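Novice: Quick one: the structure is below, questions incoming.
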């Protein structure tokens, strides 16, 4: 039996369709036939690290056989038992080999499960049929030919201590006069927010919204003084080409990116990806989207797991109920569930592999999620170059990247998440924010300190996007005790006759992270984190082999630390968190973010439990130390966009881009990309200077050959070298 | 006569060959025939802003005629009058129309001119023939078949108050046994530094270098105790493919980037570049390399001039004379003079225009500098996307950039400088550092706190690269008094019942820069600079039209502020400087950096003169205020790489990349890229999953069509939309 036998998938593979179905059937089978079940998610439950590592070590030693012990194949199944007045939310683990339910628990009453697409889809219908909603809308007159469109939102952090499962919605009008379902309804916001009781499927209230300017206070206009006729001055804000308010530009000539010999990477059906000495396993979860496992270079492990963990979007408009505009796009809904099906020729260019996955339908059946991740190679400019100025010979290697990308749509907004591996052993984690801003109405002629008026009647509120990336290291070893995290800083030093007589000395300082903690960026000190193997030394430098984490400092959570917004997103307060590893602990803001009032089980709690990593017991009696030392570290990198909107962000915003980098630091014995050929791209062509009748300044350049100084200014290989053959350059 | 008539070049065009020659001839003509002249540089002297602006206004109004008054065509000529014991350094301005010398001055004795390539080339020969050098080398035995190679360096900041013109050199051995002139000599450093008196062309001394470890103090080993046989354990560090210590990788399949319909941009012989609503004028100077002038979008000016201004590289090794390892790569030598001649298919891909220029030979004749700048378009991923989750229809535009790139080689090291204009009105200024680190010898088996041992016997010292970019704004107007610079910060606010009851409010604060000053980055406050036109408002937001400067915070000068290294590079102490505009004031560290002991005429002095920008006179009697208010602002953006070397940076380092951005902020009335077609790239192909015999998880994906939920997960346009025609997507 081959190690790739479909009956024994790789332990890190996402669920195959038959496994998905089996997991669903096992759960259905343990309930009475008349029980009403609502499935939320089904995905592979990853093996415990302790049980997987021995398998990985055998796998990488290329000694895998059918007898190799491997962890059982498990599925995580989350579902509700639907009852009239409450739904019981169950999380089960199913063993797909024994077909047994291994564990099952009922989530606490106060923890609200994340929403699924069928739930979001239901919201608009409920509103449109509700008397309470019709009454609220009766206050307004809409222009002819407009219809109502409602964007469901999570309820945010409730003011009440003990609120039922709620959902709220932002209400818009859509110009349906030209019968185009893609007319942009965000151009026409309506100042009400309906609130739904998720269990009873009834509206509990409709909040009215303040629409005034800076001087109008926090409360909505009294009903008697509020504008009755809405949207009169609003302008369409369409982005689909057939409705655009301007012609498409015709003068952008195509750039073709092609790989005539095919891609340099390969993907196996169990998720194994191989490219240029890199190998990793790719999976996809409903909450995280793409996840990279067991990332190795030249068969040396670097990371055990790499994923986006959370994203919170708090809004800065103080007028109630806008303080409840705070989404957790991973915890409240799920980035994987919201992933776009990508299309050839739009989202990635070149030779592209698309990963398919499955999402649980309400009845638990595997719904295909087609092309939710794309993999392709791209050229990112020069990787390294040196020109010998004495001979004018230059050698250039290009920076090729393998990009693993997925795009999520969260109602109005889009994120583009990408993991990029490169030829020099680097990993870049790139986040792009685009889509349509969440806007609200503002009275004609007014302006606001809470945001920017990006079009007549449209206030784009100030807000933040704060992300957490989870980095689970395995630096040149799967033995988690070998890894250490080091904070490195670079400090200037005062002039001093004995050690620094001319004042130019500066000092690189290291501090091993001894216990779980947060760490803030400090660009003035060039503070970075190093992930090192404390037992393996670089053969030349003698220093620990390692990778460094390089991330630009960004503004983090602005909300008052006493606010519910800040309390439910403690992770968003610091740039880095280093915590003790625990199996299944993937969530920076905790497992349950939907309608939370505080972060539970997130990085704050992980740090608070006092894990320590050194072999020495801390003075203050950390209790979890031994386990953490054995289990290793997890590093969480947090970064934010403070988005104070520009008019240019309307109606669909150009991408804001953030990049962070993992770069080898004494992991290799030299530049690992030194063997990348300096190959000439033969498709490149010259663009001529385009006007005639003018003295060309280049006319005399040919004369350079005879000039004794000409070799000083150029990289051109001289004739004798060029004749030496194809591999000279 | 056309405005493009070659006899009347555009005032911002670089010198045509005939003009260059004329400038040289005019200077030669004013000296007696027996005067020995050594030319340093000849380039177009840009018109004063006050005289150019009226011309630009007429040009952009498309009302240019042959009668339009235009500033005189001038050349800047720098040369030495060579005398036996001293060289007089002259800077002249020549009127190319009247053929008169307009101005001429003799630089101060203490200001050393920047070096030219002929001077650098002379250094090795002088050393090899000098007895003093031979004596110093006699201390060592080199391996058989090795010869000496010397890299000339500027002398850095001298210890002596009044030193003559010096040049120093780093000495290496080159393995010449295989007769390959591109064998990498940096693998074999020799611990001496010869110092040349530039006027007498004689060595004044040879400094011996410390080669010990952390414990060995700052002084070189006494001659009696120093290792005599060098380089025994050193390893070759070759990067040219025929000498590489490993085979080139064969499995990187080509990526072809082609533009079958040609480029979307056009370049005119007078430097005008037009691309996608952008237009600017491109020139090239021996000190700055590529310079962009009069950058406009849709005929609205944004920047008057954009350029790199300076770069200093101080080393952190306190052992004398390493404190004098501090290059100013623009001021000491010149980035333009050091620019590579770029080659088709290596440095840029696609359809490429190469700009040629001229550099002054020693006799003043125009030496062609071929292909010193490349222009090309590139695809940089997704520019904007939105998917309507109700219809599954996604619209995607790609981020096309026009890249203006040049690459400079400074002995061992390379920089890749690029200005990138994009479809959304943004300008990215990207800097890549690559090449070979400047390394020194270290005794066998030792390590050092001053750097990293990247190969046996090779210490790569800790150092910094600190850059200054000069931004001369003209925001929607050439009237400099209209521009204002605003510091914008975003502040969290405490919870407070009346204005911030839930604690989520945050405040965007603005401060107009009233007088010349430095400004430091503060990521925690999201501090950015805005360049605004105070007289023009965005039609929707009512705010000043503007651009924002977004640059990540980086570590700046670490050397003690009392050190010569810090004093001669005051610019490197702060992230931003805002100064009052003066014609010809292009240099962040002053005009003369070579062998300087303090920054003169740099941003520090510009701030110290007390320019103020508001119409109100400051209390403390700023004296230059009126002029500055009329003349406008210059913004200098400073950023650094602290380079504590990795073993992976050897022998040629993978690029370190820094980007800063200028982004429109209420400059336009909506996303300016909304009219970019969402065109499918037809060259994209599918990569299949590559192993067989395994149950394909994608096998059932076709079933999605029948699934009522399938439209929730995808962006695929549904069939009816696809049939609607080519411009649907």
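Positions of Cβ are set from backbone N, Cα and C atoms, glycine also.
Please treat TrEMBL annotations as automatic predictions, because they have not gone through curation.
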Novice: Quick test of your reading of TrEMBL: among A:670-699, A:700-729, where does it put region 'Disordered'?
Specialist: A:700-729
Novice: To which of the active-site residues A:329, A:413 does the lowest count of other Cβ atoms within 10 Å belong?
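Specialist: Comparing Cβ neighbour counts within 10 Å for the active-site residues A:329, A:413 gives A:413.
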Novice: Determine, to the nearest whole angstrom, how far the Cα atom of residue A:329 (active site, proton acceptor) is from the Cα atom of residue A:413 (active site, proton acceptor).
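Specialist: One finds 10 Å between the Cα atoms of these residues.
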Novice: Kindly assign residue A:329 (active site, proton acceptor) to one of the three DSSP-derived states: helix, strand or coil.
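Specialist: Looking at the DSSP assignment, residue A:329 (active site, proton acceptor) belongs to a helix.
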Novice: Average pLDDT across the domain 'Copper amine oxidase catalytic' (A:255-674)?
Specialist: 95
